[in-house]
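Engineer: Got these off TrEMBL a minute ago, pasting:
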- 1-27: region 'Disordered' (REGION)
- 158-179: transmembrane segment (TRANSMEM)
- 199-219: transmembrane segment (TRANSMEM)
- 231-249: transmembrane segment (TRANSMEM)
- 255-273: transmembrane segment (TRANSMEM)
- 285-306: transmembrane segment (TRANSMEM)
- 312-328: transmembrane segment (TRANSMEM)
- 335-354: transmembrane segment (TRANSMEM)
- 378-398: transmembrane segment (TRANSMEM)
Amino acid sequence: MRRRHNSDKDADKRNSQTPIPSKSDSEHSSHKRVFALCLAFRIVNSVLVQTYFNPDEHWQGPEVAHSVAFGYGHLTWEWKQGIRSYLHPMIFVPLYRLLELLRLDTPWIMMRAPRLLQSVFSAVGDLYMYKLSAVLFGDSVAKWALFSQLSNWFMFYCFSRTLSNSLETVFTLVSLYFWPCLRSKSNCSFVSRKWGLVVAAFACAIRPTSAITWMYVGLLELLSARDRFKFVFLEVAPIGILVLGLTFLLDRFMYGTWILVPLNFLKFNFLSAGGDYYGTHKWHWYFTQGFPVMIFSHLPFCIAGIIYSKQWKLSGLLAWVLGFYSLLGHKEFRFVLPVLPIALMFSGYSLAVIKDPGYAEYKGKETSKKHTGFPPKMGFAILFLLATNIPMALYMSLVHQRGPEDVMNHLAREALHGKLKSILFLTPCHATPYYSMLHHNLPMQFLDCTPSEEKGVPDESDRFLMDPVPFVSEYAKNMSLPSHIVLFDSEEQKLRNLLISFDYREEKRFFNAHFKVDRDLQASIVVYVRTR
């Protein structure tokens, strides 16, 4: 009996010494699982994105990085005028050099690798969107916010692309997570705010227009700060000067001269309205067309989530950014990408309320009643969101405007086998990727569209589109003809006889689109090869 008594005491002692997992350990494990899920999703996402969306995806990131890594590549007029920072393109330089070292710089990998790298950053953005939702609204909302983010067609279509806006979105989500003004004071610290400032500064270094977001967040923090002098002069100013100073030195090294990129960027886009050269929209476009298209069928859930959550600071940020960008004449979907996850966070809140109607009443706290199944409304909501977003995401990512990437992949293979000597792109300027995808140092030429200092003066690309036949005839008199010509079918129909007279024949035709976007229908893109 004595021996059994002692053994029981020993067992109790061992049990008392067994560590009990803390809440932070459990959260850390949960976050690792969320990140693994997001990373797997974004990798598949990046592989499925096979269409052309915006020239900047290639020309302002991978193309510049290719020039740095391999010594050849085209720098557009923005780099000659110093309105772009090398910070974003430099992210891809180590990737390119590693591929070259491992002899993996094949056409397919060169086309996919930059997006695969961006998919890693995008997964980090997804994780911090989840973490921010959990801090603000609880775990239930966080799960449905992540569902909203991963199911939204535009995030699928755009987030894994190598646009600086995609990386800006990642930095915005990471930084917002650390800002005290958006969180309960008990869940944040002085150190966390400094991390938020550092990441926000990098967002501004990559995209100076990101300052629009941080003006609003900084003002909220300033109004709630106990020591405003300390916040401005001992936190914001030193961190901002340090990060922007490092970027300043990087640009000095790459440009070869002292240049203040954020100032040049803001002068061109805001003070001189240089962006208007590429088209303008009415002031209400973001509210009536642009953002509703991006958020798509999540819109009613977003509006309901804003009303239910009463998180006016965060919804105010959404309104502030959309309102500020509405003041600019030139508008694009990607400009407001950083606030799309915020809207989808509210969609997640609405879904959490549908699943558990008591969620809004308890203001984000888990109710005591367990809801193990889905109410019929919840099943309908999920089915509705998936049925509307998945076809849109797949069509836009796999079908619409896939011609430019298909044609460059074909030309890269031709160059690899020595069948290509030179290329002329008779397309609107920057309508296809360039050296970053061809990956061969061959003569190439495209139609220039550098903004003119005189308004109303058509550029080379405009003059070609207005009257293709005289333009090409004049070109043939003054320039040596290339081995290959690339053009859209809308112009090919007008130039076919002329090209045949110059001994060209159609080599390959690639599908591009079913409907027109901002020009005549460009149903296919065609490659002509010279026979002699």
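Quick reminder: no glycine exception, Cβ is built from N, Cα and C everywhere.
Just so you know, TrEMBL annotations never went through curation; they're auto-generated.
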Engineer: Examine the transmembrane segment (158-179) against the transmembrane segment (378-398) and state whether at least 3 Cβ pairs sit under 8 A, considering only residue pairs 6 or more apart.
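Structural biologist: No; fewer than 3 Cβ pairs under 8 Å.
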Engineer: Which stretch from 231-249, 255-273, 285-306, 312-328 shares the most C-beta pairs under 8 Å with the transmembrane segment (378-398)?
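Structural biologist: By the under-8 Å Cβ criterion, the transmembrane segment (378-398) pairs most with 285-306.
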Engineer: Using a Cβ cut-off under 8 Å, which residues of the same chain at least 6 positions beyond either end of the transmembrane segment (285-306) come close to it?
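Structural biologist: Same-chain residues near the transmembrane segment (285-306) but 6 or more away: 148, 152-154, 315, 322, 325-326, 331, 333, 336-337, 340, 343-351, 353, 381, 384-385, 388-389, 392.
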Engineer: What residues elsewhere in the chain lie close to the transmembrane segment (312-328), defined as a C-beta under 8 angstroms and at least 6 residues from its ends?
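Structural biologist: Result: 136, 181-182, 212-213, 216-217, 220, 269-270, 273, 275, 283-287, 291, 306, 335-336, 338-339, 342-343, 345-346.
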